[in-house]
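Per Swiss-Prot, the features are:
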BINDING   Glu559  L-isoleucyl-5'-AMP binding site
BINDING   Lys603  ATP binding site
BINDING   Cys894, Cys897, Cys914, Cys917  Zn(2+) binding site
MOTIF     58-68  motif ''HIGH' region'
MOTIF     600-604  motif ''KMSKS' region'
Amino acid sequence: MAEYKDTLNLPNTSFPMKASLSVREPEMLADWQAKGIYQKIRKARVGSKRFILHDGPPYANGHLHCGHALNKILKDIIIKSKTFSGFDAPFVPGWDCHGLPIELNVEKKVGKAGSKISPREFRAKCREYAASQIDIQRDEFQRLGVLGDWYNPYVTMDYHYEANIVRALGLMIKNGHLQQGFKPVHWCIDCGSALAEAEVDYEDKTSPSIDVAFSAVNPSEFLNCFGTQPAVKPLILPIWTTTPWTLPANEAVCLHPEIDYALIDAGNSYYIVATDLVESVMARYGISHYKTSGSAKGRVFEHFKLQHPFYKRQVPVVLAEHVTTESGTGCVHTAPAHGPDDYLVGQSYQLPLINPVMANGCFAENVELFAGISVLKANETILTVLSERNVLLASESIRHSYPHCWRHKSPMIFLATPQWFVSMDKSNLRQAIINEIDKVNWVPDWGKARISNMVENRPDWCISRQRSWGTPMPLFVHKTTRELHPDTLELIEKVAVMIEKSGIDAWFDLDSSELLGDDAKHYDKITDTMDVWLDSGISHYSVLKHNNDLDFPADVYFEGSDQHRGWFNSSLTTAVAMYGVAAYKTVLTHGYTVDAEGKKLSKSKGNYVALDKLVNQHGADILRLWVASTDYRHEVSISEEIIKRNADAYRRIRNTARFLLANLFDFNPASDCIDAKELLELDRWALKRCQLLQEEIITAYENYHFHLIYQKIHNFCAVDMGSFYLDLIKDRQYTTAKDSIARRSCQTAMYHMVKAFTIWLAPILSFTAEEIWQTIPGNNSESIFIEHWYDAWPTIDAVNMEDWEQLHIVRDEVNKALEETRQRGEIGSALAAEVTVYADAKALPKLTRLGEELRFLFITSEAKACPISQSPKGLAVTDCGVSIQVTASVHEKCARCWHRREDVGQNQEHPELCLRCVGNISGYHEERLYI
């Protein structure tokens with residue numbers, strides 16, 4: 001055999017089987033950066049239609065995790081696929097830089113602003129810290145193969161951006177959406193600041209569950225409503241609460257106007273509770289003997305007076321729709337300073353809005369009984385006071401969902417404080433937003449209902465914060481009237497210009513008289529900063545509308561599902577408030593990263609998968625394949641086992657590319673491509689299959705169905721290529737003459753296929769695709785990412801794809817029969833066998849048409865097809881309507897092609913060869929038509 005090895009066209013390539021991604025990827029990344037590949041991509045698409053995917057800014061704090069990788073890789077896949085589709089698709093990454101997490105990290109190092117360090121110095125340290133985090137994250141994002149304008153990102157702490165935040169506030173004021181108010185807001189005691197809805201997490205908490213007696217000041221007026229004769233015993237409206245610390249702020253008891261309330265005679269006292277809750281309430285109070293003495297609607301008790309349980313003041317009965325009979329008593333404790341529903345009721349009844357709690361979470365010194373006590377520790381004291389006054393009707397502990405600070409994980413409180421709000425209803429903003437939601441394409445479609453519900457139910461947006469590191473609210477309010485300065489809009493622009501030059505310190509350092517002159521003595525300068533969700537939310541204004549490479553509105557916003565209450569919401573609200581339209585045309589949402597069992601990733605649970613470890617161990621392309629392989633619309637599972645499965649799939653893809661490249665080692669596209677009319681039918685089938693598959697893949701990219709692309713490519717490698725085409729062409733590729741039509745036909749097809757295949761891969765397996773691209777013979781562009789979807793297909797005659805589908809099916813059945821024969825020990829390899837296929841009228845013509853080439857379909861030494869009527873008795877008929885007979889060949893094996901042929905040894909000069917091989921090494925070009 002040794003003397004004939006050199007006569008074979010054995011594959012050869014510099015493209016390695018072992019990927020060594022952790023070594024090659026950084027080298028390729030450095031090459032992209034050195035060559036300015038991103039800039040060259042943009043240059044190649046100058047004048048093309050733009051596609052804008054606007055990047056939601058991650059927070060500049062800490063190393064990236066798998067959730068970051070999922071998000072940025074998905075975006076990168078979209079950008080690259082759009083570039084291949086001919087769009088000019090710039091990608092400008094962003095970072096969110098103000099806010100509490102950065103403050104907390106800086107505080108650990110230098111202390112709180114205003115104590116060990118001045119606020120100005122503190123802000124400088126925050127800016128310095130955020131910049132260092134951006135550098136870390138920039139490198140980590142680029143390591144994932146994400147292309148973009150990484151050294152010209154948008155950064156919310158840039159002076160230009162900060163100035164535009166201020167200008168955006170001015171636009172919202174101009175349009176009538178800003179209002180100030182003393183309202184209850186989510187308040188984090190640890191932060192010392194108000195928080196927005198998006199900064200609140202709901203977690204389980206154990207709280208006291210108590211029932212408290214509010215006694216009627218005049219029982220007779222209540223009893224008269226039931227038509228009951230007055231009696232000399234107390235009448236109680238019991239309330240139920242899980243926040244006893246709010247009782248000092250109680251100003252009313254609220255009933256539902258249309259709920260039926262029962263008068264319960266319990267012997268020593270009367271109780272009024274919702275009819276539907278009588279049984280559960282009496283059981284809770286341990287009262288087994290009672291009777292119902294009447295029923296009345298809640299509305300009849302309006303304005304009746306009750307005695308506060310431990311203060312001398314009397315409080316009214318008020319009415320509201322938020323009262324339910326799902327739990328409690330149907331009588332709701334109402335403290336306008338400590339809840340949004342309570343506040344609204346208080347406003348409608350003009351109840352006192354008295355806040356007994358200070359910003360540090362402690363009761364003020366003038367609060368009777370509880371002065372100086374933290375509200376987080378006050379419940380026990382309050383229960384003692386209630387017990388001493390015999391008004392505690394029931395008490396137990398319950399586990400329930402309760403708002404917590406997203407950063408500190410500590411329980412929050414509702415606290416009435418002077419704040420600034422974007423009013424959802426003052427200028428009909430809520431309805432305008434809902435109207436815009438209908439115009440947006442939401443993927444998945446449940447996103448529309450989710451954000452609609454949030455907008456419909458959200459309170460006014462509290463945008464003021466009591467923090468140091470944030471964009472200031474550059475407002476002046478009159479010391480007496482508390483009205484904004486009449487020249488507010490002009491003043492805001494002046495401050496914006498100052499911030500653009502010197503940053504936010506320009507406002508904090510400003511003496512009011514510099515802008516107001518003598519008027520300064522009449523106005524207070526606001527020191528609040530703005531909600532960071534407003535910072536990122538106005539990126540449509542500061543970035544899309546101010547960057548000439550971008551457009552407004554964006555084609556796509558794409559973030560995790562938590563951003564329906566975060567960035568999607570703040571972007572939508574601000575855009576509609578500023579110019580009346582949504583900031584985006586389409587919103588895509590991906591799920592969270594979870595472990596293999598669907599549980600949240602956590603270091604404490606031991607299921608956390610470190611991103612840097614994955615990248616260093618497996619390579620970024622394996623991670624990118626993981627992203628593409630999952631349906632991102634649901635939760636996305638990750639584990640070492642899942643990554644290993646993706647690594648296996650990657651090897652199949654890489655080996656497919658390597659096989660194609662290895663068989664093009666002596667192929668020059670400029671001189672060796674043959675005319676389409678000369679292509680063998682199998683090659684024409686393969687090219688047609690690729691063209692059809694490319695259409696499916698492009699459609700899937702356009703629809704953002706990346707998991708379908710993964711499936712299609714994997715199936716193409718495993719089935720169309722691995723188990724069919726590449727298997728069939730080996731004999732022709734290796735044994736026919738180097739320059740024969742048969743071989744060049746195959747190489748021509750493989751050349752077109754590998755170019756198309758590599759571009760399909762490129763949005764997903766970016767590093768590997770570039771590596772393949774640089775190995776493909778011919779004059780290729782500097783980078784694959786400058787290319788379009790492959791369109792240099794040869795024009796081929798119609799191929800009967802159904803015929804080849806049938807041949808593929810029959811081949812699979814033959815392979816099963818060969819394997820069974822091998823298992824019985826009758827043959828070794830398939831080339832040791834001869835096959836007869838007995839086929840029905842549908843399959844027979846397709847098989848006989850191949851003639852002598854039928855054996856190449858089965859990779860056996862001999863093959864023939866006969867009518868099924870000639871099938872020997874007892875030979876099973878397969879599902880595809882054929883019977884298969886396998887026999888061991890009795891002929892000698894050709895030392896070159898390994899086929900067992902009757903003519904082996906007939907040539908005296910080459911006694912070990914079949915005559916076909918003799919011809920191929922003697923300059924005779926073997927003719928093939930089909931395979």
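Including glycine, each Cβ sits where the backbone N, Cα and C put it.
The structure displayed is predicted, hence computed values, not measured ones.
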**OP:** Based on Cα distances to Glu559 (L-isoleucyl-5'-AMP binding site), point out the closest of the binding-site residues Lys603, Cys894, Cys914, Cys917.
**Re:** Lys603
Subject >> Arithmetic mean of per-residue pLDDT over the motif ''HIGH' region' (58-68) >> reply: 95
Subject >> Outside the motif ''KMSKS' region' (600-604), six or more residues from its ends: residues with CB under 8 Å to it >> reply: 65-66, 592-594, 638
Original post:
Excluding Cys894, Cys897, Cys914, Cys917, which residues of the same chain place their Cβ within 8 Å of the centroid of the Cβ atoms of the recorded Zn(2+) site?
Top reply: Thr735, Ala895, Arg896, Trp898, His899, Arg901, Val904, Leu913, Leu915, Arg916, Val918
**OP:** Work out the three-state DSSP category of Cys894 (Zn(2+) binding site).
**Re:** coil
Original post:
Between Cys917 (Zn(2+) binding site) and the residue listed as 'ATP binding site', what is the CA-CA distance rounded to a whole number of Å?
Top reply: 64
**OP:** Using DSSP reduced to three states, classify Glu559 (L-isoleucyl-5'-AMP binding site) as helix, strand or coil.
**Re:** strand
**OP:** May I ask which of the binding-site residues Cys894, Cys897, Cys914 is closest to the residue listed as 'ATP binding site' if we compare their C-alpha atoms?
**Re:** Cys897
**OP:** Please work out the number of neighbouring Cβ atoms within 10 Å of the Cβ of Cys914 (Zn(2+) binding site), leaving out its own Cβ.
**Re:** 28
Original post:
What same-chain residues, at least 6 away in sequence, bring their CB to under 8 Å of the CB of Cys897 (Zn(2+) binding site)?
Top reply: Asp731, Tyr734, Thr735, Cys914, Arg916, Cys917
Subject >> Summary of DSSP states over the motif ''HIGH' region' (58-68), given as helix, strand and coil counts >> reply: 3 helix, 1 strand, 7 coil
